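Feature annotations, reproduced from TrEMBL:
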SIGNAL    1-20  signal peptide
TRANSMEM  215-237  transmembrane segment
TRANSMEM  281-305  transmembrane segment
TRANSMEM  317-340  transmembrane segment
TRANSMEM  352-376  transmembrane segment
TRANSMEM  382-404  transmembrane segment
TRANSMEM  439-461  transmembrane segment
TRANSMEM  473-499  transmembrane segment
TRANSMEM  511-531  transmembrane segment
TRANSMEM  543-565  transmembrane segment
Amino acid sequence: MAPAGFLWCVAALLVVRGRADEHEHTYQDKEEVVLWMNTVGPYHNRQETYKYFSLPFCGGSKKSIGHYHETLGEALQGVELEFSGLDIKFKDDVMQTTYCEIDLDKPTRDAFVYAIKNHYWYQMYIDDLPIWGIVGEADENGEDYYLWTYKKLEIGYNGNRIVDVNLTSEGKVKLVPNTKIQMSYSVKWKRSDVKFEDRFDKYLDPSFFQHRIHWFSIFNSFMMVIFLVGLVSMILMRTLRKDYARYSKEEEMDDMDRDLGDEYGWKQVHGDVFRPSSHPLIFSSLIGSGCQIFAVSFIVIIVAMLEDLYTERGSMLSTAIFVYAATSPVNGYFGGSLYARQGGRRWIKQMFIGAFLIPAMVCGTAFFINFIAIYYHASRALPFGTMVAVCCICFFVILPLNLVGTILGRNLSGQPNFPCRVNAVPRPIPEKKWFMEPAVIVCLGGILPFGSIFIEMYFIFTSFWAYKIYYVYGFMMLVLVILCIVTVCVTIVCTYFLLNAEDYRWQWTSFLSAASTAIYVYMYSFYYYFFKTKMYGLFQTSFYFGYMAVFSTALGIMCGAIGYMGTSAFVRKIYTNVKID
């Protein structure tokens, strides 16, 4: 009963929501509407955020209301809601009213001046609708600094629901030491025709995400897919047919003619092509993890297409964590079955490495950045309870489900049913031209897959690192499908040329040639940082490059697994259709 209760608590932590009017999104006339103050931080550093009241702002006189992190995604994204103390009631206009007074001593003025110099702005929430406002501004010479002291709120309602919120900052007051500054607000309610379901549409940017460049990139990628599929089809239908004809002719020769004949090509390595890869434990763990990442990506994109996840704080991250935990059997199944087929005996060790490979990478990066966040007193610093929750999910959800998948994989598809026998003694690998070496193939293999997705990478990066809401998940699904097809086609072509050069080390080559896409994505992230953003500072820079490294590595593992699975089917197919002595 205790484990079941614990799992229920973990699931509740992921998806539970509190009970309040702002969660039901319906109000009675004169009913209280809560204005939450979230975070404040530099405009150019989106992830460098601090609690709103870390600046010496003052709050209203109303009794404080506590807020707890409703989902794991909220806690991980640094959402820190604090009650503003402002008295706002549904459909009840408020004229300009002073709600507090700031005593502008030297430390207080210095804090505001620093914030204005660094273009600080803050975020608020009313009924889950985000509102942004700027702290202040400097004059043209940068000598005098001004604070916006008047929050002018205009709230639109449709029936008993809030559908629109706008903030106008007014009351520019010069920051003079040892003076008092009065902070004020007003509320104007207006009827709106916006439907409740469409109230987030104003935050979307169709002119950016549905630009013709976006459509052109999809069309360009489709052309690349057609070309590559045609190339692979030509290899399969024409080149292989000639190979089969040549090998069939060799079967009819006597031993003397065969010895004098020109034997070469992929048939010659039939006794070694299904030899277990080097380091099978790590290899099978990577393949299992890649299959799981693909499953998570596919499911989360479908959920995002069906549900508007951007309307709930942290819901995308919470959904990804939940789906990742739920798809752990996929990791165990593919990793465990591959390890068994390659003759591995330390299956428990393989299961642990497969289960914790991705979580260890993500958590290691997060905990490193967390130390910097704690030093900066940023809202991104993870609470201890959140760390414990993540560890509990790894040990009590991911690991048991991975064990189930591993046992199923070993029993259902763990038998090595290869079409060719494996020779006892490995065949020596002949010398070949430099461009046929596995290292060269690996470096070149990621260029075309990266070329098919790099435009989409720009839109994804902009939505995450800048102030855009990504909502065109249909585009993302198309790009994922295109990436899979291009990756499989490229790795099949690379593997065919490698085997034709009588080099049977195709397993790692197929994985790494597809995974090298990650190198190009990470290189592109450097270009994006220096030429497309104005980020600065240790915290934001480490956050950017740390999580871009995690993203690129996960993408590389996924592409590598896709490339290997497609190539494995290709290799098995061609060796099944040829006669082997």
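Cβ atoms are placed via backbone N, Cα and C, with glycine included.
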| message | With contact taken as 3 or more Cβ pairs under 8 angstroms (pairs 6 or more apart in sequence), are the transmembrane segment (317-340) and the transmembrane segment (382-404) in contact? | response | yes
| field | Stretch contact, the transmembrane segment (511-531) with the transmembrane segment (439-461), Cβ-Cβ under 8 Å, 3+ pairs | value | yes
| said: Check the transmembrane segment (473-499) against the transmembrane segment (352-376) for contact, please; criterion is three or more CB pairs under 8 Å, pairs 6 or more apart in sequence. | reply: no
| Cβ under 8 Å to the transmembrane segment (439-461), counting only same-chain residues 6 or more beyond its ends: which ones? | 208-209, 213-214, 217, 220-221, 224-225, 228, 470, 472, 475-476, 479, 482-483, 486-487, 490-491, 494, 497-498, 509, 512-521, 524-525, 528, 532, 559, 563
